[in-house]
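J.: Supplied in C-alpha cells, the structure appears directly below.
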Amino acid sequence: MILNRRIQVILPTLLILSFIIWIFHSVMVDKDWRLFMPEIKSLPDREGQGRKPIEMMSTKHDNNTNNLMVNAYWKLIHTVVSNYPNRPTLDERDILRHYLFSSAITMPCGEYSVELQKILDVHPPQTSSRKAATTWACKVHNQLNEKMNQPKTSCDGFNERYVIGSPTYRESEAENVPERVQVINEDHDYSG
C-alpha cells in the first residue's frame, strides 16, 4: 500500500518534470543549436574585432579578368539576396549569413577579397528580410567599388534586375513558409 501511494505521488511529478525538460530542450535546441557546431559558432564571434582577412586566391590577374570575375561574383550575390525570403526562418538567416562571409573569403580576386572582408567586419550581413539583405548588398557593393576606385552601382530597381522564379512562387513566398515549400516542390520536377 505504501509503495503504491509513493508511485501515485512520484509518477505525476516525474511526468511534469519530463514535460518541463522536453519544453526546455526543444526551445534551447532551436535557439542555440550552434553550441554543438563550434565551426559555425566561431564565425559571428569574430565580427567587428579586426580579425586578419584571409586571402585564399592571391593570384594576380589582369584588370579585364579581375573585372569579369568581380562582376560575376556580384551578379551571384545580388541574385541570391534578391531571391531571399521576405520572412526568412532562423536557419535561412544563418545560411545566408555564413554564405556571404564564406564567399567573401573565396572570392577569386585576392585584392577584392581582402577589402570585402574588411568591409564585412564593419558591416556584417543583414539577413532579417529580403529588403534588408538587398539594401545591405547594394551598400556593401558600393563601398567596395569606392575602395577599389570603381563606379558605384545604382540601387534603383535592384530587386527587379535579379529576381528569378515563377510568379506563383513569389506570391506564396510572401504569405508563409509552408506554402512556399509546397510551391517549390510543385514548380520543380526532381524525378530526373
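Cβ coordinates come from backbone N, Cα and C, glycine included.
Per Swiss-Prot, FAD binding site is recorded for Trp74, Cys138, His141, Asn145, Tyr162. If you look up Swiss-Prot, you'll see Cys138-Cys155 marked as disulfide bond. Summarising the annotation, Swiss-Prot assigns topological domain 'Cytoplasmic' to 1-8. Summarising the annotation, Swiss-Prot assigns transmembrane segment to 9-29 and lists sequence analysis as the type of evidence.
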J.: In the predicted model, what is the mean pLDDT computed over the topological domain 'Cytoplasmic' (1-8)?
T.: 66
J.: Taking 10 A as the limit, how many CB atoms besides its own sit near the CB of His141 (FAD binding site)?
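T.: The answer is 22.
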J.: Can you tell me the three-state DSSP label for Cys138 (FAD binding site)?
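T.: Reduced to three states, the DSSP call for Cys138 (FAD binding site) is helix.
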J.: Sequence gap of 6 or more, C-beta under 8 Å: which same-chain residues meet both conditions with respect to Asn145 (FAD binding site)?
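T.: In sequence order, the residues whose Cβ lies under 8 Å from that of Asn145 (FAD binding site) (at least 6 apart) are Pro151, Lys152, Thr153.
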J.: If you measure from the Cα of Cys155 (disulfide bond), which of the binding-site residues Trp74, Cys138, His141, Tyr162 is the nearest?
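T.: Sorting the binding-site residues by distance from Cys155 (disulfide bond), the top entry is Cys138.
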J.: Tell me the Cβ neighbour count for Cys155 (disulfide bond), meaning other Cβ atoms within 10 Å of its Cβ, over all protein chains shown.
T.: 14
J.: Output, ordered by sequence, the same-chain residues six or more apart from Tyr162 (FAD binding site) with a CB under 8 Å from its CB, or 'none'.
T.: Lys75, His78, Thr79, Val81, Ser82, Asn83
J.: Provide the number of Cβ atoms within 10 Å of the Cβ of Cys138 (FAD binding site), excluding the reference atom itself.
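T.: Cβ-Cβ neighbours of Cys138 (FAD binding site) within 10 Å number 19.
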J.: Can you count the other CB atoms that lie within 10 A of the CB of Trp74 (FAD binding site)?
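T.: Total other Cβ atoms inside 10 Å, all chains included: 20.
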